[in-house]
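Here is what Swiss-Prot says about this protein:
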type     : residues : note
TRANSMEM : 4-24     : transmembrane segment
TRANSMEM : 53-73    : transmembrane segment
SITE     : GLU59    : site 'Reversibly protonated during proton transport'
Amino acid sequence: MSFFTMCVLAAGIGMALGTLGTGIGQGLAVKSAVEGVSRNPGASGKILTTMMIGLAMIESLAIYALVVCLIILFANPYKDIALELAKTVAK
């Protein structure tokens, strides 16, 4: 398996796991917020504000995963080393 194949697989798996965790976390956060509003409708403003801030924090995980995956794909610092090694092996 080549270096670039492994990079693509790592980026795909990393993004999948990052978004899976984000989706589960956001679902649990919204579930808890809806339960809180159903128990105390008067506090819906505070609950909504806190939930939005929490969702923004949770969403940052997906953004960080995307950035790391893009770095792995397009700005990999080991790309030159892998190309040199491939040229050496091919000779």
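Glycine is treated like the rest: Cβ placed from N, Cα and C.
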What residues in the same chain, six or more past the boundaries of the transmembrane segment (4-24), come closer than 8 Å to it by Cβ-Cβ distance?
58-59, 61-62, 64-66, 68-70, 72-73, 76, 82
Do any residues at least six apart in sequence from GLU59 (site 'Reversibly protonated during proton transport'), in the same chain, have a Cβ closer than 8 Å to its Cβ, and if so which, in order?
THR22, GLN26
